[in-house]
Protein chains: 2
Amino acid sequence: MELWYTEKQTESFGITAKIRETLVTEQTDFQKLDMIDTEEFGRMLVLDGMVMTTIKDEFVYHEMVAHPALFTHPNPKHVLVVGGGDGGVIREVLKHPGVEKAVLVEIDGKVIEYSKKFLPEIAGQLENSRVEVIVNDGFMHIHDHKNTYDVIMVDSTEPVGPAAPLFERGFYQGIFEALKEDGIFVAQTDNPWFKADLIQKVNRDVKEIFPITRVYAANIPTYPSGMWTFTMGSKKHDPLQVDETQIPELETKYYTPRLHKAAFVLPKFVEDLTK
Amino acid sequence: MELWYTEKQTESFGITAKIRETLVTEQTDFQKLDMIDTEEFGRMLVLDGMVMTTIKDEFVYHEMVAHPALFTHPNPKHVLVVGGGDGGVIREVLKHPGVEKAVLVEIDGKVIEYSKKFLPEIAGQLENSRVEVIVNDGFMHIHDHKNTYDVIMVDSTEPVGPAAPLFERGFYQGIFEALKEDGIFVAQTDNPWFKADLIQKVNRDVKEIFPITRVYAANIPTYPSGMWTFTMGSKKHDPLQVDETQIPELETKYYTPRLHKAAFVLPKFVEDLTK
């Protein structure tokens, strides 16, 4: 018998992956959580029926959330990751030796628990001494920590279910206040083929709050359309003004100093969404 | 009843699209040809079970085959497209007013016939007076036309079936000889997630023949992994030496002058395939 997992990315289009084994299928307090082992992409975390991460392609998302912002800020010491319970963004953040403390605020403790158990390649740095893991509502944490962080990364699910408030203008205002005077934030903002409206809305909201707003993109095969966008809001530092020759080479598989600015050069139809 | 078309892009991974209607399903002299109407991507041409083009995302592939090479060559007048019977690349080539003649050599006349009938948005320029359409083997045409073209574009299917010879070193040598002294060629070279070996092989072969070899990428949602690569071989002109400020803005949806060089900046794991 062959078992295939199919995700409908839209009402009429999807991806399908042959699976070896189902490791977890559970309704947590917040969402449906499935952990499956696929032949093509290895182990895969699925929340509310949407692929969150896989062993084979996770590096793209996690590197591209973390490094553009951390190499735009000249001296990031205190970093907050909202969501991201699989620990992949945290792993990338810790590659920056100047980061003294990385705080992870994940609303669903089960995501952390099962990621540690089944995705150790991704979650392996959550026990690092520079990391503080908090199981709580990111919205509340932001509200309670004014002028605290150099960089804030929003590694959320889609704007349905528990992550819906993380795409509201009020959340971006809270992030602005939780950042220090030269702070930077970045959020995953879905894909331009099926969710153009979302990219436009976030862009408008962030522009109203932050002096500098930039959008960049990366290729993630298991995410809808294969192209994912990230929106950056910055109080002072512009990612496009960074001197790429001064960026050190990290151990990465996607991000490079050469890609730092190139990732912000968008296809015409995506560029048009940010105007 | 719901009908879904599923393409296995690898043995264990694929895409699936809800269809409204099957318009053509036929075994031509060269390949299996299906034309279907999908809800998400509109009409879709499928050859030997692989998506070739769709109404919704065709612009990416066609623009990105045509414009990087045509804006690297300072004065392209004679252009050859090998394959590409749907006419999409020809449509983009004709956006360059300096092109006097664009020759299409497609081995399978049925692709041309059904594209004209069912994909007029794509094939609509095949009757243009600047275009010559030849139904023949591209390999033979190349062999018979030495020192003839400024730019040659290889818009082939995957390296199985009728297109297999188009990925051989001997074909690239033939292209070199069919190009004028400052000619440029470009070929689609599949995706880096599932076909890394192919990209490496083509890169090695082209490097042995052309003084300048460059690889660039674009996001195509209906192609495997969502990221597609293109390999360019050039006798004299380097796409990375082009002055982007001198590139005129065409009517495009993907390519822009700003993207001209950025498209060549590859993720680390893809960059490594080209070394």
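Every residue, even glycine, has its Cβ placed from backbone N, Cα and C.
Note: TrEMBL annotation is automatic and uncurated.
Here the structure is a predicted model, which means the values were calculated and not measured.
Listed by TrEMBL as binding S-methyl-5'-thioadenosine are A:E106, A:D137, A:G138, A:P162; the candidate from A:Q27, A:Q31, A:Q188, A:Q200 that the record includes in that site is A:Q31.
Binding of spermidine is attributed by TrEMBL to A:D86, A:D155, A:S156, A:T157, A:E158, and within the candidate set A:H62, A:H237, A:H260 the record adds A:H62 to that site.
Under 8 Å, Cβ to Cβ, and six or more positions away along its own chain, A:G138 (S-methyl-5'-thioadenosine binding site) finds A:V82, A:G83, A:V105, A:E106, A:I107, A:V154, A:L166.
A:D155 (active site, proton acceptor) carries a strand DSSP state (E or B). Within the group of recorded positions (A:E106, A:D155, A:E158), the Cβ with the highest number of other Cβ atoms inside 10 Å belongs to A:D155. Local packing around the binding-site residues A:D86, A:D137 was summarised as the count of other Cβ atoms within 10 Å of each Cβ; on this measure the leading residue is A:D86. Listed in sequence order, the binding-site residues from A:Q31, A:D137, A:P162 having a Cα within 10 Å of the Cα of A:D155 (active site, proton acceptor) amount to none.
Of all Cβ atoms in the protein chains displayed, 27 besides its own lie within 10 Å of the Cβ of A:H62 (spermidine binding site). Sequence-distant neighbours of A:S156 (spermidine binding site) (same chain, six or more apart, CB under 8 Å from its CB) are A:V82, A:G83, A:A163, A:L166, A:F167, A:A187, A:Q188, listed in sequence order.
A simple way to gauge crowding: the CB of A:P162 (S-methyl-5'-thioadenosine binding site) has 19 other CB atoms within 10 angstroms, across all the protein chains here.
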